[in-house]
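Participant: Let me give you the structure first, and then I'll get to my questions.
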Amino acid sequence: MRGLVGPERNRTSTVLVITNITTTVLSIPFLVVILVEVETRLGKITGQESIFLYKRVRSFLSVPYAEPPIGQQRFRPPKPKKPWNETIVANTLSPACYQGRDMYNTSFWGSEMWNHNTPVSEDCLYLNIWTPGEAYNLTVMVWLFGGGYYSGSPSLILYDGKALALLGNVIVVNVNYRVGPFGYLFMDDDEAPGNVGMLDQQLALYWIRDNIFNFGGNPSRITLFGESAGASSIVAHLIAPGSENLFKNGILQSGSLDNKWSMDTPSRGLDKSKQLANLVGCNRTKVREQMISCLRSAPAQLLVDNIWNLNLSFIEFPFVIVSRDRNFFRHKDGFTSLRNGECAHHVNLMIGINHDEGNFWNIYNLANYFDKSEQPELSRNEFHDCIERAFASQPELVRSAAKHVYSDPNCTDPNKKSQFYAEQVNQMVGDYFFTCDSIWLADQISRYDGHHGRVYIYYFDQPSSANPWPKWTGVMHGYEIEYVFGVPIYNETAGYTKAEQLLSKKVIQYWSSFAATGVPRLKDSKSTDVWPEYDGINNTRWMLLKGGSYLKPIGARKKVECDLWRHAKDIEYNSYGTCVTTHCKKLSYDCRLSVFVNSSGQTSVLVCYQDFVAVVNFRSGALIVHYFSYHGGVTTSF
């Protein structure tokens, strides 16, 4: 594909045709409009070419990949877009799929930046595409946005793909998919089968595979990258049979399918869906088909207005992926597949987390302690209260173990406040809901028997000068994205430092080279920039992205903390019956013994066997044993 050498300055129209690309230049005094026409398998699309960072870049916005999922198609799997006769003018950003808004503080950019900036609609299955002006056989990077499966948009200012496309020499495709009940309502019925938001993503990948060549992309070099729910979605595609061979690499930014908030059991998904039906007045019948029909005809805003009235626990989102369904996982089980290694082994993965994953959620969910402009300070008693609230759904044993592992026994005054305990809540919430699952996934994949894709881990710890949140919040969930999309490079008025601009260039090189080759590397690498493959045994280092890039071992402290949460999740998994066909069986639990050392060196022993768990430690000369089974718990000292 070739573009124009340059626009004329008079009122002429120039048309250049190369293969299936048509470029038209319309020149008006003081304004140059460059239209670029692409012919796909389904029909013609007209985009725009502009100058950005002194280079030519093309954009094709709101490109349809599916028929509108409106009316009777609500809750149903998407249908492929039919061919069209008239040229589609693709110069307006995609609408957001129907959702609510974060009303934390409508005048504060820190929260408003995540709210949709285009109108909401159920007619929303579109792509935003950016390509360099000279694009031929380029690597394709497909962005899956985050938002907890209840919000998000491919059209956020933060996700503008121009800089990444130009500096990475790649094609960037942002995918829109249904969220909330429109994408994840689950009635275990063909009329509302669940996971249709995942089927939206999957259908978009088929569209990209079949049509991206016409935009200058290589359909055999597609990389998925996403943050939070977007990252979790990538792991789901590793399991889904229908997504096999649709992408070569995956970049997981602060998210994994095993995150507590990411995936529900079918029973939990069905319970939430019935709760919503009750809330909107669709509970007058127990006939499932009639209940679905009522929900299908309900005003979209009514559904959105009620999703947060569901009975939800700490950082539990209304409608998310269900672990077993008939169309996406095709009766495979997401939880079981993750643990048994039943997923695509050929895909290379880059997995990463941020330093302060927990703070963003603590501001919202532990507001009385963390919604502050100054650095929070907590007493040990307040620290314990945070644990009780954040992990109320966990057994008492797990909460007690968390208090031990993350506490400081040298702090004898339970009412004395310190920044230490506030930081421990940040790390603890981040570990359980994000960080530790990412490390576990890297371990799982790198230890698969036989062939598996390469695995790399990063740890992002660069505070942003443009971050509107108080400085104490650090590098929160989602705040690496601006570096991936090059915001520090092109936004000269936001106050980014030279070091931040250089780091953004380095991140783009790592991301785009990984997308192209499956190996993250820099053009001019120093020894500290060489990023080794993670294998969970011989190399357990991650790339620290802070001011530059440096290899750093994953600390023993983090391993201890993550072992605690892995045991907790294994206990939950052990209680989860897996129905593969027509019967359920109880999954066995391996005998384990782990030794935990808290932040001040006090030692505890955690023993797990089947559904029995015990924590043993010494306190004031006495041996204290806490033990728990799913049938009850007790504390004994002797």
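Numbers here mean position along the shown chain, with the first residue as 1.
Yeah, the Cβs are placed from backbone N, Cα and C, and that goes for glycine too.
TrEMBL annotations: computationally assigned, not manually curated.
Heads up, here are the entries from TrEMBL:
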TRANSMEM  12-36  transmembrane segment
DOMAIN    37-545  domain 'Carboxylesterase type B'
ACT_SITE  Ser228  active site, acyl-ester intermediate
ACT_SITE  Glu357  active site, charge relay system
ACT_SITE  His477  active site, charge relay system
Participant: So if I draw a 10 Å sphere around the Cβ of Glu357 (active site, charge relay system), how many other Cβ atoms end up inside it?
Facilitator: 26
Participant: Return only the integer: C-alpha distance in Å from Ser228 (active site, acyl-ester intermediate) to Glu357 (active site, charge relay system).
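Facilitator: Cα of Ser228 (active site, acyl-ester intermediate) to Cα of Glu357 (active site, charge relay system) measures 10 Å after rounding.
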Participant: Measure from the CA atom of His477 (active site, charge relay system) to the CA atom of Glu357 (active site, charge relay system) and give the result in Å, rounded to a whole number.
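Facilitator: Approximately 5 Å lies between the Cα of Glu357 (active site, charge relay system) and that of His477 (active site, charge relay system).
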Participant: Taking the Cβ of His477 (active site, charge relay system) as the centre, count every other Cβ atom within 10 Å, in any protein chain shown.
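Facilitator: His477 (active site, charge relay system) is surrounded by 23 other Cβ atoms within 10 Å.
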Participant: Including all protein chains shown, what's the count of other C-beta atoms within 10 A of the C-beta of Ser228 (active site, acyl-ester intermediate)?
Facilitator: 27
Participant: Averaged over the whole of the domain 'Carboxylesterase type B' (37-545), what is the pLDDT?
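Facilitator: The predicted confidence over the domain 'Carboxylesterase type B' (37-545), as a mean pLDDT, is 95.
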